[in-house]
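Taking it in order: structure first as structure tokens, then the write-up.
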Amino acid sequence: MTQILSFNKLQNFSKVTLLSVLFLNFCHISFSFCLLQTNAIKTSKYNFFTFLPLNLFEQFQRIANAYFLFLLVLQVIPQISSLSWFTTVVPLILVLTVTAAKDATDDINRHRSDNRVNNRKVQVLIDRKLRSEKWMNVQVGDIIKLENNQFVTADLLLLSSSEPLNLVYIETAELDGETNLKVRQALPVTGDLGDDIEKLADFNGEVRCEPPNNRLDRFTGVLSFAGQKYSLDNEKILLRGCTLRNTEWCFGLVLFGGPETKLMQNCGKSTFKRTSIDRLMNILVLFIFGFLAFMCSVLAIGNYIWERNEGSQFTVFLPRLEDDPAFSSFLTFWSYVIILNTVVPISLYVSVEIIRLGNSFYIDWDRKMYYARNDTPAEARTTTLNEELGQIKYVFSDKTGTLTQNIMIFNKCTINGKCYGKMCTPLTSPHQPKQYTDTVDFSFNPLADSRFVFHDHSLVEAVKLENTEVHAFFRLLALCHTVMAEEKKEGELFYQAQSPDEGALVTAARNFGFVFRSRTPDSISIVEMGKQCNYELLAILDFNNVRKRMSVIVRSPEGKLSLYCKGADTIIYERLHQSCSKLMDVTTEHLNEFAGDGLRTLALAYKDLDEEYFNQWIQRHHEANTALEDREGKLDQLYEEIEKDLLLLGATAIEDKLQDGVPQTIEQLSKADIKIWVLTGDKQETAENIGYSCNLLREEMNDVFIISGNSLEDVQQELRNARTSMKPDAAENSEFLPEMDKGVKVVTDEVVNGEYGLVINGHSLAYALEHSLELEFLRTACMCKAVICCRVTPLQKAQVVELVKKYKKAVTLAIGDGANDVSMIKAAHIGVGISGQEGMQAVLSSDYSFAQFRFLQRLLLVHGRWSYLRMCKFLRYFFYKNFTFTFVHFWFAFFCGFSAQTVYDEWFITLYNLMYTALPVLGMSLFDQDVNDVWSFQHPQLYVPGQLNLYFSKKSFFKCALHSCYSSLVLFFIPYAAMYDTVRDDGKDIADYQSFALLTQTCLLFAVSIQMSYWTAVNTFFVLGSLAMYFAVTFTMYSNGMFTILPSAFPFIGTARNSLNQPNVWLTIFLTSILCVLPVITNRFLMIQLCPTINDKAKATPAPPTRRARIRRTSSRRSGYAFSHAQGYGDLVTSGRFLRRPALTRSSGFTHAGRTTTSFSPMGRSAGYSPTGRPQNNKVPDVEVTSLQMYRTITDSAP
């Protein structure tokens, strides 16, 4: 489907008008209605008139609210209800009001946001004049003018700008969270229009583009003008939500407005995640409804029997029109539905949300999860998943930027078969720490970076001796990249790299004498050992995730035509000339050595090109680049054609250091029986060695299985061999287990002797994820302590997570820091984003976020465990107190002729959950800690009960129900026996219904209030406060004054003062409380002595010593390079979208008399590179930084 925009000058109406048609199935459909399409957006849900009906409609879609509304309807029927209407109305209105207030506040904020955006002003070209218009009035086809620091109004085609080469700089924080600036450039044909209003008004042409979609990273279109076609891509489009920076002005044509913009197309609702406790609660609520119906049926049958046998004798005292036992039984059923409704308390759901909100604040306020270097606190981006953090069984983690720092250091390299790199002095003692040789002196190069550290002097000597291969090696690094250089002053270079790898490589080339100075769309200027050289840039063959390489085609100053290529070693090796076989073998050995240190490698190669062949190739390249359909596929074919028969130069090795605390965190999580799977795009060997470095894989493991089969049968056999090694007696088909969950087979955990690891590469994983083999793979992987999946795509990451979710009854967590981790984060039960070096995409899609991987152990072992424990205790206690409250009604029915009379005062029924028992349970749920955070780290096995659902499950729920049944028997029959035929001290009768009701409800309140897990100062205050509140309210409502005001609502006049001054009443309260608590205390004592839990065992065990991480440093495994590159910067370079000012006229830098000291951001990192462009030890400065300024080199003159 293609959209066509035609715009031209109309007489007396110069406003560019949209004359569009939409091609759908080759049929022309009028698209003229777009003339009325405005740029207004609406994210609000309600208005003044629709709020009440819509909000109530939404709230009553919840089963609990609808249930209580149904009860309210029953209560207004006199023949059914024995309770006053306010017992249901008060809690229901409270819940509805609180929820409505929250929804109204949120929607008012949305209205304000919409109005603020829609009423922004922008200059629109109308009648050959620029007029100020509101955003909401901008239409598709308008030409608008933006000025510096203005938000982009709609999705625009950039026409012209104030900057050289028609560049604009934009910030895309609202789109992807990245605050670094990006560059866009207009077509030359539109850039010539400049800011001439007459030329802009007279300009006419046709834009054929894609229909509205949510793809932020791509745009396909063609501009037809003056008989020529011009390719349009994402680099010529300004998307709504961006902000114009460092650009005085620009003009753009509105392509999409309002809800059709890519920003609004991406505003779809996220997948709603529910915790396992929520899902269990749904099942239990259904059971409670069934049990409520059962109890009501029993009592209705009892009423039928009683009416037939005894009821006729009471007609003298209770005359009634109907004397039909069956009809009376029917009415009784619905009456008891009302009375016993407290088994499904409406306040439960409100309390749950309050508890979750409070525990979310604890995460936000935790200073121990605050990363001061980047001023980044932990953030709970959702309030509904806290307790799920205490049940995690599987953690799926990215590697680069998550386990590692994503700060690259040029460490080693191999050139023409010779290895260069870190040099260590001989050790006189095995316990002596490594001491590196003196750093290389780069004083011969005044443009060198003073913070770049290299220890191998032989490489510098080779450069000085003009070794041909060494020079070609560093020339390639200086030419084959998409780094931008800006030099505002002589000697002040600002390197702007889109990936940390490129920044480190270009800096290395710079220090060894090949300094990248500047570039234009068709040239690259470098300084080669003091000599200024200008290379003609003919083409950039850009990187993408499939190619995993990039190339440049340049013409040297001598006229020589060459292609330089760098990429993953396996990809480059497939395209080498046969003459490189011996050099390839030697280079492979060096790569294996690099792998032992967990370094990221990159192979370098080149070839000379024939002039005639290249001219034909570049013509076909232009045709493919302007194709509207399958543009990427055609370009890939051309790239494959020219990138072959390459000559190998060597390889680089870059160190990506681990984040602080990663080995200790992984060790702690492993002790908590959390299985960690690393899903990375790195080569198998690199990821494997990082696994050893971070304690994921350990030398103590019995075995680490490598799955690298190239066919389905090979992978299946390797998986079976691994499983047999771990468990020789494992049955062939035992993965098909009888346990079912919603019709899906569940793979249960299998116990193996020892610890094992599993490493599987990308192509083998593709076979393992096929339907016929997925259970085999899952079963084998779950038997291992750690799993590493290498060379995986973002889609495969999500597939692995979905596989575990589907077949394992376990809670999963995915953690990552880049856009390639978003699918995995969304797929897992819990998504955690790290605000690291790869932007904020992962954070924006996550449920929780923080700055360092090490904070994960505190999030799970402390906050997650506390949240889960508190929620479980809350649910057990809540169900206990409400079941006990309700069952007393059930027993009373057998003594009141099944007449649906309540055993409590109506006001007590109303306030029981809202006031009398709310504070103790909330206090316990918000402040309870069975152990402190230090003990949680010392005993990570305390986390295991959450994984096994030991604190709250169906079994614990039924135990709670049985406990409630026992307590209700005590609370009914003890007061009943104590009050039966009893008189006061003065001989007056006390055995009346009101006195019995008061005694029963008082006993109930004491019994449920004192059954707290821990008696802390907070809990004691809440319990005593609630009891004091109960007595204050009771004496007030049972006073003469309240009865005088409203006799029908306060019938218990004088009951409190007449009953609560009797010793036998308080003795009964004391006795019932003891009898209710005694079984609990007895059970706890016996369980600790006879069957201690993990908690009991952990508390009796001293803290285990911390095992030192064993770092593996030698390996024969190959290493690979995983690009952190992003696609699209090749076109940016060749189009010239990088210069803000014309290049300075300058010398090569080698003619300076004095040496120039250089520095770059980040500070304090030896040859390190941080793509944020921020000093690593300083707070973030308030300076706009472009995406091409992510890597900087600043030189200052030395005295």
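Note that Cβ sites are derived from N, Cα and C of the backbone, with glycine treated the same way.
Checking the ranges 64-82, 83-101 against TrEMBL, the transmembrane segment annotation falls on 83-101. Shown are the binding-site residues Thr400, Asn820; of these, the residue with the fewest other Cβ atoms within 10 Å is Asn820. The CA atom of Phe543 (ATP binding site) is located 19 Å away from the CA atom of Asp821 (Mg(2+) binding site). Least crowded of the binding-site residues (Arg600, Arg791), judged by neighbouring Cβ atoms within 10 Å of its own Cβ: Arg791.
Its Cβ taken as reference, Gly681 (ATP binding site) is surrounded by 26 other Cβ atoms within 10 Å in the chains shown. Spread of the ATP binding residues is 26 Å (greatest Cα-Cα distance among Asp398, Lys399, Thr400, Glu502, Phe543, Lys566, Arg600, Thr680, Gly681, Asp682, Arg791, Lys797, Asn820, Asp821).
Restricting the binding-site residues Asp398, Thr400, Arg600, Arg791 to those with a CA within 10 Å of the CA of Asp821 (Mg(2+) binding site) leaves Asp398, listed by sequence position. Looking at Asp817 (Mg(2+) binding site) and Asp398 (ATP binding site), their Cα atoms lie 8 Å from each other.
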